[in-house]
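Undergrad: Please find one structure pasted underneath; my questions will follow.
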Amino acid sequence: MSRMPSSFDVTERDLDDMTFGERIIYHCKKQPLVPIGCLLTTGAVILAAQNVRLGNKWKAQYYFRWRVGLQAATLVALVAGSFIYGTSGKELKAKEEQLKEKAKMREKLWIQELERREEETEARRKRAELARMKTLENEEEIKNLEKELSDLENKLGKK
């Protein structure tokens with residue numbers, strides 16, 4: 001049996017339909033360098049703050065410099081990712097049109113599948129009705145043959 005189309009076939013959810021956490025995960029998967037840069041920058045700030053508290057100004061200065069460099073690298077990754085993965089308004093509208101066409105095609109396929117199933121069901125009903133009628137005819141014929149046989153036996157028994 002062929003795979004049936006379903007109204008639950010969803011390939012990609014729209015960003016508007018996602019929760020806040022799902023959106024964060026989606027964007028982190030799309031541009032993995034940005035969250036890595038954020039984590040490294042945060043680590044550099046924490047180490048710098050720890051060394052400031054301990055009074056080690058040389059190491060604190062060292063980690064603050066790392067923070068600046070990591071923050072710059074994160075911004076470069078963010079801009080580069082936006083440039084690479086960014087889409088214009090026309091591309092978004094084209095994608096929307098494709099999704100609408102795909103939805104219409106799915107609906108059309110679903111209707112065709114339902115019509116095919118209906119035809120199969122109707123054919124099965126007709127076959128079942130024909131089988132019932134044939135069974136009734138055969139039962140009547142069997143009764144007639146049994147009656148004829150009993151008549152013949154009675155004739156033979158009388159002679």
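Using the three backbone atoms N, Cα and C, a Cβ is placed for every residue, glycine included.
Note that the structure is a prediction, hence the values are computed from the model and not measured.
Annotations per Swiss-Prot:
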type     : residues : note
COILED   : 88-159   : coiled coil
DOMAIN   : 5-96     : domain 'HIG1'
TOPO_DOM : 1-13     : topological domain 'Mitochondrial intermembrane'
TOPO_DOM : 31-35    : topological domain 'Mitochondrial matrix'
TOPO_DOM : 58-63    : topological domain 'Mitochondrial intermembrane'
TOPO_DOM : 107-133  : topological domain 'Mitochondrial intermembrane'
TRANSMEM : 14-30    : transmembrane segment
TRANSMEM : 36-57    : transmembrane segment
TRANSMEM : 64-85    : transmembrane segment
TRANSMEM : 89-106   : transmembrane segment
TRANSMEM : 134-156  : transmembrane segment
Undergrad: Taking DSSP states H, G and I as helix and E and B as strand, how many residues of the domain 'HIG1' (5-96) are helix, strand and coil?
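TA: Tallying H, G and I as helix, E and B as strand, the rest coil: 73 helix, 0 strand, 19 coil.
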Undergrad: Given a Cβ distance threshold of under 8 angstroms, which distant residues of the chain, six or more beyond its ends, lie next to the topological domain 'Mitochondrial intermembrane' (58-63)?
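TA: Contacts of the topological domain 'Mitochondrial intermembrane' (58-63) (Cβ under 8 Å, skipping residues fewer than 6 from its ends): 44-45, 47-49, 51-52.
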Undergrad: Give me the mean pLDDT over the domain 'HIG1' (5-96), rounded to a whole number.
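TA: A mean pLDDT of 85 is what the predicted model shows over the domain 'HIG1' (5-96).
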Undergrad: Could you break down the residues of the topological domain 'Mitochondrial intermembrane' (107-133) into DSSP helix, strand and coil, giving a count for each?
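TA: In the topological domain 'Mitochondrial intermembrane' (107-133), the DSSP-based counts are 27 helix, 0 strand, 0 coil.
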Undergrad: So if I exclude everything within five residues of the ends of the topological domain 'Mitochondrial matrix' (31-35), which remaining residues of that chain have a CB under 8 angstroms from its CBs? That is, six or more out.
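TA: The answer is 74, 77-78, 81, 85.
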